[in-house]
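Presented below is the structure to which this report refers.
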């Protein structure tokens with residue numbers, strides 16, 4: 001009897017060991033949502049991004065096909081050093097296959113290097129810097145939602161065309177702000193405008209009056225806000241206090257999210273022009289998803305484009321894995337497969353992923369509604385222009401990415 | 001030159017908030033010997049209180065200016081009664097850790113329900129608009145903030161340094177046993193003082209609600225600077241913290257003009273310099 005039991009144990013142990021060794025391709029996936037869970041960007045990413053990942057997992061139907069999917073989430077606190085420590089731990093110890101969200105350009109560029117070194121995958125839906133698909137492009141990274149080139153191209157061009165030919169920049173003093181200012185300057189100059197000055201402010205400033213006074217004194221027609229989140233909302237709110245818009249200058253929100261507009265309220269935000277690639281009220285597909293999403297959010301918020309991107313990116317990732325029949329745990333291989341297939345989901349419609357890792361879809365120029373035009377909470381945008389996907393982003397001919405064959 | 005005047009004035013406006021907040025901290029430290037790290041969270045609660053009053057009860061800015069500090073002050077007094085009082089006589093570190101923990105809890109709870117972007121709070125209609133001073137466009141509300149906080153600061157200074165009540169209070173911190181012997185209820189006085197300090201923080205919160213977004217992290221962003229102000233002014237010195245608060249606002253404003261990238265570090269550079277040259281702070285007495 002004793003003999004037989006020990007034989008049984010030995011057999012089980014051998015079987016387990018053999019199973020473990022043969023796991024080159026299996027049906028397990030670990031998704032890591034690395035985002036700002038507590039700081040100034042946590043409303044546009046944060047818990048909403050984790051929820052979006054959850055929904056993508058549920059909607060993928062992979063669990064029914066025998067897949068085991070885990071989602072973990074962590075707060076990078078907008079600090080590249082903290083982010084890389086978490087990312088390293090995730091890849092080495094927790095065997096995370098794919099990084100989602102990763103907002104904050106400084107963080108994204110740092111994690112981008114690590115993901116490449118360790119051959120994982122990053123679908124970046126939160127960071128803005130266009131360097132992710134240009135000089136810093138990587139065979140392991142896809143930049144999903146938007147980038148500084150696209151924002152500059154859409155909003156910048158529209159404003160110069162409308163007569164805003166002199167610009168002054170209020171720029172968040174880190175990788176993102178610098179990239180956005182650089183790309184917008186290029187567009188303004190190309191469209192015949194002129195940049196007459198700018199000021200760089202520290203990230204997460206609460207008082208912008210000094211900077212706004214300098215912008216006011218510059219007499220520029222357009223004050224370009226190359227910042228995001230709480231920095232942008234505070235700038236807009238205080239600009240109205242100092243009578244900047246009343247004085248004839250126009251504020252250009254180069255990067256605004258629906259959560260920012262919600263936080264400002266329509267009275268202050270009305271009339272602002274800016275570009276996004278997703279809005280909950282675009283079509284039946286976006287409305288259906290957003291309704292489900294908002295019901296599960298603690299504060300009933302509608303999804304931001306960053307959160308929508310997490311869903312859309314994961315849908316494509318899961319489809320690719322399903323088609324491959326298993327997860328090879330090889331970042332370059334998976335991303336290459338993802339680039340081969342066209343993307344299609346209810347949030348961003350049909351699209352493609354380019355060789356440089358840039359996801360291609362249309363960009364929408366919006367105007368914030370007047371309070372009288374809004375039918376209720378979250379009914380905030382009027383669509384005033386659409387740039388087709390093939391014109392919205394940096395053309396491959398201008399790309400400095402080594403992955404692009406010329 | 002005109003731009004310089006404008007920056008000085010803007011600096012003075014920010015200085016008003018520093019002064020109000022550091023005053024509350026100085027009162028609490030001077031009288032209770034507690035390093036109140038929850039101050040930023042209580043400031044934030046003041047702003048939220050104003051927001052709730054307006055959006056739930058329909059009570060506007062002016063009543064909120066009185067109700068919010070009282071409500072948050074009472075909350076502070078409950079904290080003092082139930083938790084802080086047990087730390088009296090222990091090392092400063094215990095108070096610091098307790099209040100820091102409280103701050104994280106309070107902020108976490110608010111963030112859980114209200115997110116991080118914040119909520120809008122409009123400037124009261126009486127104070128909307130602005131006037132052209134020639135060298136700058138001054139929003140009336142900002143002018144009001146400077147005048148009002150100056151008055152509150154001086155009144156607090158007067159209360160503590162020049163009245164009989166303040167004298168009792170100062171005596172109670174020097175020698176509680178002796179003051180008790182005169183029939184004065186020292187623990188109650190300490191609780192009320194903590195309430196006063198907290199009320200000042202909440203008042204600053206209400207004042208800032210129309211300028212900044214009402215955000216759960218609004219205090220966390222400010223509290224470190226305010227601590228630097230208190231350290232520079234001299235821990236526990238009432239007048240020192242008022243003057244330093246306004247002065248640092250101005251210095252920060254000038255930095256925003258001449259070298260904006262350093263505007264959020266200049267205060268700490270000054271703090272280092274002051275600590276090296278005058279370890280007790282500009283107006284503090286050496287311990």
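Each Cβ is built from the backbone N, Cα and C atoms, and glycine gets one as well.
For B:6-27, B:34-54, B:60-79, B:91-110, B:141-160, B:190-211, B:223-251, B:258-277, the entry in TrEMBL reads transmembrane segment.
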Which one of these stretches, B:91-110, B:190-211, B:223-251, B:258-277, has the most C-beta pairs shorter than 8 Å to the transmembrane segment (B:141-160)?
-> B:190-211
Do the transmembrane segment (B:34-54) and the transmembrane segment (B:258-277) come together with 3 or more C-beta pairs under 8 Å, pairs six or more apart in sequence?
-> no
Among B:6-27, B:190-211, B:223-251, B:258-277, the most Cβ pairs under 8 Å with the transmembrane segment (B:60-79) come from B:190-211
Selected stretch (most C-beta pairs under 8 A with the transmembrane segment (B:258-277)) from B:6-27, B:190-211, B:223-251 | B:223-251
Long-range neighbours of the transmembrane segment (B:223-251), counting only residues six or more past its ends (CB under 8 A) = 8, 11-23, 25-27, 29-30, 37, 39-40, 43, 103, 153-154, 156-157, 160-161, 264, 266-268, 270-271, 274-275, 280-285
